[in-house]
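K.L.:
Pasting the relevant annotations from TrEMBL:
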DISULFID  Cys44-Cys61  disulfide bond
DISULFID  Cys63-Cys72  disulfide bond
DISULFID  Cys103-Cys112  disulfide bond
DISULFID  Cys145-Cys154  disulfide bond
DISULFID  Cys206-Cys215  disulfide bond
DISULFID  Cys222-Cys232  disulfide bond
DISULFID  Cys226-Cys243  disulfide bond
DOMAIN    35-73  domain 'EGF-like'
DOMAIN    76-113  domain 'EGF-like'
DOMAIN    117-155  domain 'EGF-like'
DOMAIN    182-216  domain 'EGF-like'
DOMAIN    218-247  domain 'EGF-like'
Amino acid sequence: MALARSCHRFDCTNMWGSASGHATVVKFSLKGSSVRDPCAYDPCMKRGHCILLSNNHNYVCKCYPRYSGPNCQIDNGPPCDRHPCLNGGNCVEDAMGSYQCYCPAGWAGKNCDVKIENGPCDSSNQPCKNDATCVRIGNDYKCHCLPGWEGKDCEINKDDCFEHPCRNGGKCSDGIDGYSCDCDRTGPCQNGGTCHEGVNGVYCNCTSDFTGALCEEPMNACGGLCQNNSVCVASNDGRDYHCECLP
């Protein structure tokens, strides 16, 4: 088979810009048939998209942002060299020769040129304290406090001792969303008994020598320890005993 190849020139106008120039149309002839595909040989130099026009004879290059010219043959340089990102934005070029701006807090838009107005809840002037959530209400705000905090800005530790939860003279110590009762110092327990907080209030844990709600009564050493009808005789302080057996 004989393959004939002929080249022709024609004027081409860049539909996406003002540049104009020449492009090359490649014509194949095979057994009398004609095949025309000017985009098959990448006239846009991999710097843009080749678009075949309706007559199948002509094409136009839609260049990537970095390039221009009828065949995208002009390299205009890295777009970030022109510093398009404003207000401290960081410019990053992509594979297509375009760029993207990574904007700092408070700025948005393609070039970081749009000021973000967050109002009273702006992160640079956060009014809510202690990890509270700030909610904008018009030009005002409201803080949603975590448990244990109160006040407009959640700056006040809620007084959990306000309702006097400690009983029997226990001293209440306020915490964050809770309290503790210190009854060792101010509690009513006597004779070395220790004061503890229970579900129903405070109670005394007495030593082995005393009994009673406040450990106020000496323990009877006998306590039914003598057997076989023997007689228990306690010492004067009630802390010791001996058994006197019957004859």
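Yeah, the Cβs are placed from backbone N, Cα and C, and that goes for glycine too.
Annotations in TrEMBL come from automatic prediction, not curation.
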K.L.:
Closest to Cys154 (disulfide bond): which of the disulfide-bonded residues Cys44, Cys63, Cys226, going by Cα position?
P.N.:
Cys63
K.L.:
Near Cys63 (disulfide bond), meaning Cα within 10 Å, which of Cys44, Cys145, Cys215, Cys226, Cys243 (disulfide-bonded residues)?
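P.N.:
Close disulfide-bonded residues: Cys44.
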K.L.:
Compare the Cα of Cys112 (disulfide bond) against each of the disulfide-bonded residues Cys44, Cys72, Cys145, Cys226, Cys232 and report the nearest.
P.N.:
Cys72
K.L.:
In sequence order, which same-chain residues at least six apart have a C-beta under 8 angstroms from Cys72 (disulfide bond)?
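P.N.:
In sequence order, Cys44, Met45, Arg47, Gly48, Cys61, Cys63, Tyr64 meet the Cβ cut-off.
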K.L.:
Using other CB atoms within 10 angstroms as the count, which residue among the disulfide-bonded residues Cys145, Cys243 scores least?
P.N.:
Cys243
K.L.:
Across all the protein chains here, work out how many other Cβ atoms are within 10 Å of the Cβ of Cys154 (disulfide bond).
P.N.:
22
K.L.:
Could you give the number of helix, strand and coil residues in the domain 'EGF-like' (35-73) as assigned by DSSP?
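P.N.:
Per-class counts: 4 helix, 14 strand, 21 coil.
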K.L.:
Between the Cα atoms of Cys226 (disulfide bond) and Cys232 (disulfide bond), find the distance and write it as a whole number of Å.
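P.N.:
Taking the Cα atoms only, Cys226 (disulfide bond) lies 6 Å from Cys232 (disulfide bond).
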K.L.:
Any same-chain residues 6+ apart from Cys206 (disulfide bond) with CB under 8 Å of its CB? Would you list them in sequence order, or say none?
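P.N.:
For Cys206 (disulfide bond), the qualifying residues are Cys189, Asn191, Gly192, Gly193, Gly212, Cys215.
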K.L.:
Compare the C-alpha of Cys243 (disulfide bond) with the C-alpha of each of the disulfide-bonded residues Cys103, Cys145, Cys232, and give the closest one.
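P.N.:
That would be Cys232, nearest by Cα distance.
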K.L.:
Measuring Cα to Cα, how many angstrom lie between Cys232 (disulfide bond) and Cys145 (disulfide bond)?
P.N.:
66
